[in-house]
Amino acid sequence: MSTKEKLISHVSKEEAVGSKNKVTVVGVGMVGMASAISILLKDLCDDLALVDVMEDKLKGEVMDLQHGSLFLKTHRIAADKDYSVTANSKVVIVTAGARQQEGESRLNLVQRNVNIFKFIIPNIVKYSPNCILLVVSNPVDILTYVAWKLSGFPRNRVIGSGTNLDSARFRHLMAEKLHLHPSSCHGWIIGEHGDSSVPVWSGVNVAGVSLQALNPNMGGESDSENWKEVHHQVVQGAYEVIKLKGYTSWAIGLSVADLVESIMKNLHKVQPVSTLVQGMHGVNEEVFLSVPCVLGNSGLTDVINMTLKPDEEQQLRKSAETLWGVQKELTL
Amino acid sequence: MLIIWWYIYFTARSIVKQSKYQCLKMSATLQKLITPLFKGLPEPPRNKVTVVGVGQVGMACAVSILLRELADELALVDVLEDKLKGEMMDLQHGSLFLKTPTIVADKDYSVTANSRIIVVTAGVRQQEGESRLNLVQRNVNIFKHIIPQIVRYSPDCIILVVSNPVDVLTYVTWKLSGLPMHRVIGSGTNLDSARFRYLMADKLGIHPSSFNGWILGEHGDTSVPVWSGTNVAGVNLQTLNPNIGTDEDEENWKETHKMVVDSAYEVIKLKGYTNWAIGLSVADLTESIMRNMNRLHPVSTMVQGMYGIGEEVYLSLPCVLNGGGVSSVVNMTLTQEEVGQLRDSASTLWEIQKDLKDL
């Protein structure tokens, strides 16, 4: 008898129940791994799978995480180049693809990343036909549209991480100005995750007190407090961090874990993520933009109807046009 | 000449006026929104952690500590200013999702003042195939700059050394800091034991926390697996398999310890460095200290006088960690062979330490 047999007697007559809460992360670059470690440290899944094309890097990353298992509550951490390792995932996070170089805009990455998605998405769908896709790769709004088209999933199961991060950056900067915690500073940035995101000034509040009511020029040119600069810093945020350390990882990783938490725990929390906005705010094109959405275990089930100013809606429509201009040229 | 001075004076004045004006501008909304009840200096942090070195290990430690909500303030220090600022900003952008309201960073050590725990990850790391002992003198020179500054700004802190070779560098830190020995701790074999418990538990189909096993001694090639202590639910594995860990063992459990020793080299070969496991292990130690838990961990401490060790060296033994640092060491019953291995490690380490310059 082996040591194991002397020590342990197997008594269950049933098959082991597979994982109920499996998460897959596609891409083990800086963003993928930051998402993985955030998800692990928040105890969000009982099974984590990693996929990538770089086999050595993939194996090294999974070993490093496994070596930390004593400190975690995720029973299985596995990785493979082959997508069969991702089977039966509840949520699949796609971070794979080329990333912005210093000074490069997100829209530039499009065609490179579309080609990568043409390989990834069908493989994900094959092994987890009921999963929820969370797209992070940039340009996220376009790539969420691409993932939606390539997967054939209903729109509630294809979500883009969108402006969840932009809003988090905004709330951090707002919190610094007001000497409060970011979770007490409410502000929504919607639209494109990128240079033309839209700060909804009318909604910015603390304890329900609208800051725009206290400062009617807020966000405008004649605003003596120069809140417009805050939004500018949000837009520039990623470029600045990339210039200083080469890439961004921690903030987006935490933001992804936050979204995964809402889905896995069926929180019905309202978060700004990228979804199909055709028919809303005068947008006619089949594009994905960020608006406040309700997230739960069925994915993205509802959208909050924001009351936007005419110029805010104008900005959304303009983003939609720009995105559609790029999307219609894509070969899917 | 005078005109130039006037220009300078007026520019300076307008800058000061503008910055005062900015504060005034913001205070309009602030005053309408918020009524302060307490006018005074803000409270200093009570649970501040500093991480020295923002490489892969340092940042993995930082993010693990942040996600475990162990600190009310986190400070980062490094010499690479851009990288440092970028890392700080990236963490700050995630503040909404965290419960550590103050995250700061600077090249200047004044940013680390009043830390309870300082995690030192700075230094050069092992290249592929390089042993930890090779890094020594290079890292001693870096520590000569770092340690005095740490102590200057946080004289009551506990220093947790992670940089390799950790046992030697913990000794070096102790000497350079002048702190009492119980406040200088090396991350030691906390990670080796975690890897061991993971690998053993995996073979048995149970969670690592349900497998009890200790690896002591040097964090490195000559670490000592205490087979006589390995157990699950109090059932001693060596009693079930008296050959466990020896060459006569048919089941070759010894291979598991070898895998632990090789782990770091393997991961380095595959991805270039290791970070997640060591980061989680450091957060685990930080938790015991910060929360005054009196939990047992295998960490590197001053072992002179124990197990017949005569040299002034640091090696990993089971230590009780609490808010004061290492409060006590548990006297594990070791076999003669295991004691012999510890003494061998001690001699090897002393051979290196005695040649170190300028401590």
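Glycine too: its Cβ is placed from the backbone N, Cα and C atoms.
Noted in TrEMBL for the protein shown:
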- A:His193: active site, proton acceptor (ACT_SITE)
- A:Gly27, A:Val28, A:Gly29, A:Met30, A:Val31, A:Gly32, A:Asp52, A:Asn113, A:Val136, A:Ser137, A:Asn138: NAD(+) binding site (BINDING)
- A:22-160: domain 'Lactate/malate dehydrogenase N-terminal' (DOMAIN)
- A:163-323: domain 'Lactate/malate dehydrogenase C-terminal' (DOMAIN)
CB contacts under 8 angstroms to A:Val136 (NAD(+) binding site), restricted to the same chain and 6+ apart in sequence, sorted by sequence, are A:Val31, A:Ser35, A:Ile93, A:Val94, A:Thr95, A:Gly160, A:Ser161, A:Ile252, A:Val256
DSSP composition of the domain 'Lactate/malate dehydrogenase N-terminal' (A:22-160), residue counts helix/strand/coil, works out to 68 helix, 26 strand, 45 coil
Using all protein chains shown, find which of the recorded positions A:Gly27, A:His193 scores highest when you count other CB atoms within 10 A of its CB.
-> A:His193
Provide, as an integer number of angstrom, the distance between the C-alpha atoms of A:Asp52 (NAD(+) binding site) and the residue listed as 'active site, proton acceptor'.
-> 25
For NAD(+), with binding residues A:Gly27, A:Val28, A:Gly29, A:Met30, A:Val31, A:Gly32, A:Asp52, A:Asn113, A:Val136, A:Ser137, A:Asn138 per the record, max Cα distance (Å, no decimals) returned as 17
Restricted to the domain 'Lactate/malate dehydrogenase N-terminal' (A:22-160), the mean pLDDT of the model is 95
CB contacts for A:Val31 (NAD(+) binding site) [other CB atoms within 10 A, all chains] = 27
Neighbourhood of A:Gly29 (NAD(+) binding site), C-beta criterion under 8 angstroms, separation at least six | A:Thr95, A:Ala96, A:Arg99, A:Tyr247
Under a three-state DSSP reduction, the secondary structure at the residue listed as 'active site, proton acceptor' is coil
Listed binding-site residues (A:Asp52, A:Asn138), ranked by Cβ neighbours within 10 Å, top entry | A:Asn138
